[in-house]
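**Student:** Quick paste of what TrEMBL says about this protein:
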type     : residues               : note
ACT_SITE : LYS153                 : active site, proton donor
ACT_SITE : LYS253                 : active site, proton acceptor
BINDING  : ASP180, GLU206, ASP230 : Mg(2+) binding site
DOMAIN   : 132-227                : domain 'Mandelate racemase/muconate lactonizing enzyme C-terminal'
Amino acid sequence: MSPTVRPFALDLSTPLSTADGEITERRGFLVGVDDPARGLGEATPLPGWTESFDACEAALRNPPAAWDRVDDALGDGRPATPAARHGYRLAVLDAAARDEERPLSAHLADRGGFEAPADTVPVNATVGDGSVEDTVAAAQRAAEAGFDTAKLKVGARSLSTDIDRVRAVLDAVDLAVRVDANGAWDRETASEAVEAFASFGVEYVEQPLPAGALSGLAALRGRGVGIAADESLGEHGVGALLAADGADVAELKPMALGGPDAAIDAARRLLDTGVDPVVTTTIDGAVARAAAVHVAAAVPDVRACGLSTGDMLVTDLGPDPSPTVDGAVRVPEGPGNVGSSFDGCLRD
Ligand SMILES: [Mg+2]
C-alpha cells in the first residue's frame, strides 16, 4: 500500500552545520496511511545521518513490502533509507496505537517489554561553543528555565579552554553537566579530557573520538566518567557498538535508526547489556519530535534526553505537542502519536 506523501520545509533559527555543509531549513515529508486507522508519520532526512532528500522521497513513494508489518524488527539490519522508514513506520505505528485508543508510548513500551510509560521525560539544555563567560551565562539561563542537566558542546577550542568552561559552569550553576565533543579529539587529547572531566564529576563525555574509533571509545571507559556514543552508533549500529563494548551511554536518534520501533528495539538491547539509552531528535518537525518523546517515555527511568529542540525551528508543522516546561517535556496524552491534531497537514 502506497502512503500519502507531502513535502515540507521548515526554517531553522540558526544555520546547522552538517556533512553537506550549512543548511538553513529542514526539508522532509509528512506520511499518511489509513490502515487500520488513520496514521501520520514524518520523514526528515539529515545529511551525514540518513539518506538524501531525493532518496528518501523515492523510498516513500515505493515502500519496501517488509515495512508493512507492525511487528517487523530491524535486528542488526540497518536500513538504507532510515528517514523514509521512520516516516512510514511512524505512520503505521500511529495508526495501530490510534486503533488501540492508547498513546504511542504505551504501544512502544509493550513492544520493548517495558512497564507503563512515563507522563513526562527529563530533557537537557544544549549549550553551544562560546567563551567561558558566554558558556556560564547560557548555563545560568538554562538553570533559571528549570533544566537540571546541560549538555556543553566541546572540542572546537583547546582542551584547556574547554576544561575552563566546564569548571566555570560547575562552579557557578547547580546543574548536572555532560559534554559532547562530536568526535573532535585524537586519542591523547580524549584521554586527557576524560581524566579532567572525571575529576569534576561530569556525567558523561559524548563522542570524544571520531565515529569509527569503537575500540578507542572502549579504552576510555572505566576511568571515572561515562563514555557516550552518538556518531559511532549512527555509523556502525547498535550491534557493532555492543560488540566493541564501546559505550556506557548510547544516543538513540529514531530518525537515523529507521523508526520509533527500531529505536525501542535498540533501547531494549542496550538496557539488556547495561548500556543506558538517551533519546535525541535530529532537529525534526513537531510530528517526529513527539514520536521521539514517546520513545523516551517508554524507556524506564530514562536519563535526560535531547528532545528540547523545537526552538531551533522558526516555522513548524503545527503547535508543539510536547513543549519543554521546567526541564521536562510532557508526553502527548491522546491516542497515537499526536492524535488527529496534525491530520489536516496532509490535506492542505
Ligand atoms: Mg552528539
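Think of each number as a place in line: the chain as shown, counted from 1.
Cβ coordinates are placed from backbone N, Cα and C, and glycine is handled just like the others.
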**Student:** If you average per-residue pLDDT over the domain 'Mandelate racemase/muconate lactonizing enzyme C-terminal' (132-227), what number do you get?
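**Tutor:** For the domain 'Mandelate racemase/muconate lactonizing enzyme C-terminal' (132-227), the model's average pLDDT rounds to 98.
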**Student:** Near the residue listed as 'active site, proton acceptor', which residues of its own chain have a C-beta under 8 A away, given they sit six or more steps off in sequence?
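**Tutor:** Within the chain, the residue listed as 'active site, proton acceptor' has Cβ neighbours under 8 Å at TRP49, ASP230, GLY234, ALA263, VAL279, THR280, THR281, THR282, ALA292.
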**Student:** Those recorded positions, LYS153, GLU206, ASP230: which ones have a Cβ sitting under 6 Å from ligand 1?
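**Tutor:** GLU206, ASP230, in sequence order.
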**Student:** Measure from the Cβ of GLU206 (Mg(2+) binding site) and count the other Cβ atoms within 10 Å, all protein chains considered.
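**Tutor:** Taking all protein chains shown, GLU206 (Mg(2+) binding site) has 29 Cβ neighbours within 10 Å.
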**Student:** Between the residue listed as 'active site, proton donor' and GLU206 (Mg(2+) binding site), what C-alpha distance do you get in Å?
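**Tutor:** That separation, Cα to Cα, works out to 9 Å.
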**Student:** Please report the DSSP secondary structure of ASP230 (Mg(2+) binding site), reduced to three states.
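**Tutor:** For ASP230 (Mg(2+) binding site) - judged by DSSP and reduced to three states - the answer is coil.
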**Student:** Run through the Cβ atoms and count how many others sit within 10 Å of the one on ASP230 (Mg(2+) binding site).
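**Tutor:** So the number of other Cβ atoms within 10 Å of ASP230 (Mg(2+) binding site) is 25.
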**Student:** Are there any residues in the same chain, six or more apart in sequence, whose C-beta is under 8 angstroms from the C-beta of ASP180 (Mg(2+) binding site), and if so which?
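**Tutor:** Long-range Cβ contacts: LYS151, LEU152, LYS153, VAL154, GLY155, GLU206, GLN207, ALA228, ASP230.
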**Student:** In the same chain, outside ASP180, GLU206, ASP230, whose C-beta lies within 8 angstroms of the Cβ mean position for the Mg(2+) site?
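**Tutor:** Sorted by sequence, the hits are LYS151, ARG178, VAL179, ALA181, ASN182, VAL205, GLN207, ALA228, ALA229, GLU231, GLU251.
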